[in-house]
There are 2 protein chains.
Amino acid sequence: MPRLRLALAQTDPVVGDLAGNTEQILAAARDAAAAGADILAAGEMALSGYPIEDLAAQPGFLRASGEAVAKLAARLDEAGLGELVVVVGHPDGPHSPRLIGTSNAPTAIAQNCASVLHRGQVVARYAKHHLPNYSVFDEYRVFIPGDELLVLRIKDVDVALIVCEDLWRDGGPVGRVLSADAGLLLVVNASPFERDKDEVRLPLVTRRAVETDTIVAYVNIVGGQDDLVFDGDSVVVDGAGEILARAPQFREHLLIVDVDPEAATDTPLPDAVRRVEIDTDSPSDRRELGRDIAELPDDREQIWNALVLGLRDYVEKNRFPSVVLGLSGGIDSSVVAALAADALGADRVYGISMPSRYSSDGSKDDARDLAERIGLHYSVEPIADLVTPIEEQLHLTGVAAENLQARIRGMIWMAASNSDGHLALTNGNKTEVSVGYSTIYGDAAGGFAPIKDVPKTLVWELARWRNAHALSRGEVEPIPAASIEKPPSAELRPDQTDQDTLPPYELLDEMLERYVTQRQGREELVEAGYDPETVDFVTKLVDRSEWKRRQGAIGPKISGMAFGRDRRLPITYRPTR
Amino acid sequence: MPRLRLALAQTDPVVGDLAGNTEQILAAARDAAAAGADILAAGEMALSGYPIEDLAAQPGFLRASGEAVAKLAARLDEAGLGELVVVVGHPDGPHSPRLIGTSNAPTAIAQNCASVLHRGQVVARYAKHHLPNYSVFDEYRVFIPGDELLVLRIKDVDVALIVCEDLWRDGGPVGRVLSADAGLLLVVNASPFERDKDEVRLPLVTRRAVETDTIVAYVNIVGGQDDLVFDGDSVVVDGAGEILARAPQFREHLLIVDVDPEAATDTPLPDAVRRVEIDTDSPSDRRELGRDIAELPDDREQIWNALVLGLRDYVEKNRFPSVVLGLSGGIDSSVVAALAADALGADRVYGISMPSRYSSDGSKDDARDLAERIGLHYSVEPIADLVTPIEEQLHLTGVAAENLQARIRGMIWMAASNSDGHLALTNGNKTEVSVGYSTIYGDAAGGFAPIKDVPKTLVWELARWRNAHALSRGEVEPIPAASIEKPPSAELRPDQTDQDTLPPYELLDEMLERYVTQRQGREELVEAGYDPETVDFVTKLVDRSEWKRRQGAIGPKISGMAFGRDRRLPITYRPTR
């Protein structure tokens, strides 16, 4: 019989909602105990949600988190689940601040912890050592690093416990806890989705398992939280690099697996490693487990699923009843509408077509066709009679007149949002946002931008994939073929197309990937073989889009004087609303 | 004769503008040499501007900075200024990245350095040890800390050189470099203005000087850079705590002072301290210096000056020709107009009055009166005929109709911005932004919000101060008395005043200071003696304003999916525009 039955709880926590997240873990514990598990592990910050940003600087929230951990331990015990060893991530504090400079400078007072609960008590606690501070992470800003390592001895197995980034650093805590001869490495994570991340994360987990000949159990949270989406994809890999179990992406799951790590020896502990003995009874009647190894779908399906979950969780976690968006008949609004329907059901999606004097009949037909295919709420508000009085009173021409049309449209869906409580969606894609081809307070108006990190060429790919996916399941294709095939146009003046003023999108997206995302300079683009004139044109567009944003002409950012940085309160920490 | 003549160059660098910033330092060096100085020190990152944010992650920019340092040394020498020892702050790199996790994770490749230039060469370089990562600072994110300390031996004096935050840490590098028996501590800084910062910064400099019995020379940059404004206020304090020299706030200045530090001894160097000998000739004919000790004005004047400089530099560094704003006759738009005129001259300020059916005659008169007092460009665009067609077509009532009026107004000044290239200003104050009493894409529309960090009660104080200041100089008071005295109102429905729905502003601002800025919780406000019902009302307003922002109903933030964090390019690094 295998030595340990592990349960990994891939939950979708809500930032700040300690009560709701506690219920998720209790439910997972009930199921894990019913399945005969010895250990249940939830993800990093599964009790508080992740990232908690400036909540980490609020003493009141940290105290509430600490109480929630103690209460979870007590409730597990009361529910008869006290024998199950439960590992859960949460913020810990307030600790003495690293006080520096002016006394009112906000500074780290929290640690990023995983606590071990058993028989109604918190029996051990590990504080994350390596606090990532790059890309989307700002942990060093709000957390104090831990300085002690932890090994749990459970049923004669040494289980080393670390948090997320600790696994990624060469020469980090991993080596030291494993040289205490741990048989199992348990890693609790909040690791967000990126394109092709499965090509990095699983190999890393596998490499760590193989190089130390240890079973690695990697549990991740799942779900959308503002700009991030966590994909789950929790996995258990053995010392031979074999996958023993793998949870599906983008949904909650309890992954249960039997493992048979080597028994503990009495190697002396390395410095700064603490061992905690946990005396637990094995569940007596275990059924045999089936194999639970999810397959990853292809790249486009993964991205689609990420976008759907990110949008759904933004709507649900903020408790919006529904969404509203403008429908132009073009590819961007069509893809956003299809995403919204997949995320929320078509009945919670409100689309408004707002034809102007420059809208082609084709566009109007395509918008209606889309609405019918998807089955969303559809209305038409022509804008000509609204635009004309303003244009005439203000004597507008050129770009100012084009922007006016876009702003009247934004005003219409914002009015619908104000009247009926919809979340307003804005349809801009990454290419358009990068080069500044949008109107602030116009098509850029809205509270959430589902495809703001999707380049135009990928928007088309996703549309084709979604239609093919529908066909393969015998369903109606949601996106009209015409919206995919026709040349893209803003339709703000007669016979306008995007390619009048932009390089072909395939070329443009390649260049933006280098210039914006990979931070290459003009020189590197020219060296890579791109035409110098096109390089100048594109890099200027990007630089100038930032300038226009500053003027108030495009984009979402408003600058202004700030003599200090106030807290940014994640929305869901609202004990009284 | 005193041993050393010091010159501290309080310059106003532009982020990314290496060529322009170089000229500032060359000009200061010319003046310093003409005045017979031995050493010229400029501020932290004076060569690149500060903060450089994600420019620090661009290898191309770091290489260009390195070349600019070498070129500055050469140009000083060519100009016959080679004997002057010049200390200048700049980013240094690219260094080997601290590579972690996925290979495309952006990570620190730069150091925050001060270089010492002499006789055409870079003779020493110090890299900042303590990288602040709290409040407005994100340095740990983009820089690699230094690990070596530096003492310069110049004319038989040991001069210890550190950067900004290094001074603020107890037990930091300061102690170690001074235990090498340094006679002078030279600190190069980029320290932004905060209210009452002079009550913290000068005492710290004084404490360090007295506890180590050393002369401390503290040089700061000056100027607005996006949300920050650096106040200068460079100062030299001796070991008895006496101020020897002090530069004025909020303008460029070359502060020259004679100091007479103790001569160097041959104490062995502590670990990790390097000493560099600089053999320099004393200028032969020095005139005697006058006393140069600026007095700080009172708090309100300091704040007014900070707001004026922040706005001016935002406009000038981004090269906007002019600004446009809506004038309602109320206190907020009046104060913003007066700030803009002080920053740019009235001839670059365009004000638009946009009366609706609910605007009182008093408001219209006050707007016109303000425009005449200030002498700005003034126009009137009534909105009733623009609002009615939209209201009727969309059947809008209540809040949606109120927001529509605000959005038509925003659309009007954005159209003026698009037509004529003005920067659009938005007039929201901190109180209003905190409780969500504004309309996104309406009164919140604009590229820069001059008073977004100024609570409403302070807006009134500043208005009164500015009028009194005008009177004291025999000038016309810019702000109409009626705009200061009348009860504030959004005038979006009949007989509306702010106090219909909000607590008195004195009370509200006190509570917001605690809840928003000091991060106190509801419980702490009640403990402090505030009425629990009012506490619930105000904290809910703040929390709900974040929710409305997310809906797209107010505020500037647009969320959306992002799978990575792209560079945020400071606007002024634009070799080709």
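Quick reminder: no glycine exception, Cβ is built from N, Cα and C everywhere.
The model shown is predicted, which means the values in this text are computed figures rather than measured ones.
The active site, proton acceptor annotation in TrEMBL covers B:Glu44. As annotated by TrEMBL, L-glutamine binding site applies to B:Tyr134, B:Ser191, B:Lys197. Per TrEMBL, active site, nucleophile is recorded for B:Cys164. Under the heading ATP binding site, TrEMBL lists B:Gly326, B:Leu327, B:Ser328, B:Gly329, B:Gly330, B:Ile331, B:Asp332, B:Ser333. Sequence annotations record features per position, and here TrEMBL assigns deamido-NAD(+) binding site to B:Asn403, B:Glu432, B:Lys548. Annotation source TrEMBL lists region 'Disordered' at B:478-501.
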Reduced DSSP assignment, B:Asn403 (deamido-NAD(+) binding site): helix
B:Glu432 (deamido-NAD(+) binding site) and B:Leu327 (ATP binding site), Cα-Cα, nearest whole angstrom: 17
Of all listed binding-site residues, namely B:Lys197, B:Leu327, B:Gly329, B:Asn403, those lying near chain A with CB under 8 A: B:Lys197, B:Asn403
Helix, strand and coil residues within the region 'Disordered' (B:478-501) as assigned by DSSP: 8 helix, 0 strand, 16 coil
Nearest recorded site to B:Asp332 (ATP binding site) by CA-CA distance, among recorded positions B:Glu44, B:Cys164, B:Ser191, B:Asn403, B:Glu432: B:Glu432
Rounded Cα-Cα span from B:Glu432 (deamido-NAD(+) binding site) to B:Tyr134 (L-glutamine binding site), Å: 25
Rounded to the nearest Å - Cα separation of B:Glu44 (active site, proton acceptor) and B:Lys197 (L-glutamine binding site): 18
Pairwise Cα distance for B:Gly329 (ATP binding site)/B:Asn403 (deamido-NAD(+) binding site) [Å, integer]: 19
Separation of alpha carbons, B:Glu432 (deamido-NAD(+) binding site) and B:Ser328 (ATP binding site) (Å): 16
Cβ within 8 Å of the mean position of the Cβ atoms of B:Gly326, B:Leu327, B:Ser328, B:Gly329, B:Gly330, B:Ile331, B:Asp332, B:Ser333: remaining residues of the chain near ATP: B:Ser334, B:Val336, B:Ser363, B:Ala367, B:Asn427, B:Ser483
Largest tally of Cβ atoms lying within 10 Å of a Cβ, found at which of the recorded positions B:Glu44, B:Asp332, B:Glu432: B:Glu44
Listed binding-site residues among B:Ser191, B:Lys197, B:Gly326, B:Gly330, B:Ser333, B:Asn403 whose Cα sits within 10 Å of the residue listed as 'active site, nucleophile': B:Ser191
Reduced DSSP assignment, B:Gly330 (ATP binding site): coil
Cα-nearest neighbour of B:Ser333 (ATP binding site) within the listed binding-site residues, B:Ser191, B:Lys197, B:Asn403, B:Glu432: B:Glu432
Neighbour tally for B:Leu327 (ATP binding site), based on other Cβ positions within 10 Å of its Cβ: 29
Nonlocal residues around B:Ser191 (L-glutamine binding site), in sequence order (Cβ under 8 Å, 6 or more apart): B:Cys164, B:Lys197, B:Arg201, B:Asn220, B:Phe230, B:Asp231
Neighbour tally for B:Gly329 (ATP binding site), based on other Cβ positions within 10 Å of its Cβ: 26
Euclidean distance between Cα atoms of B:Asn403 (deamido-NAD(+) binding site) and B:Ile331 (ATP binding site), Å: 20
Other CB atoms, at most 10 A from the CB of B:Tyr134 (L-glutamine binding site): 21
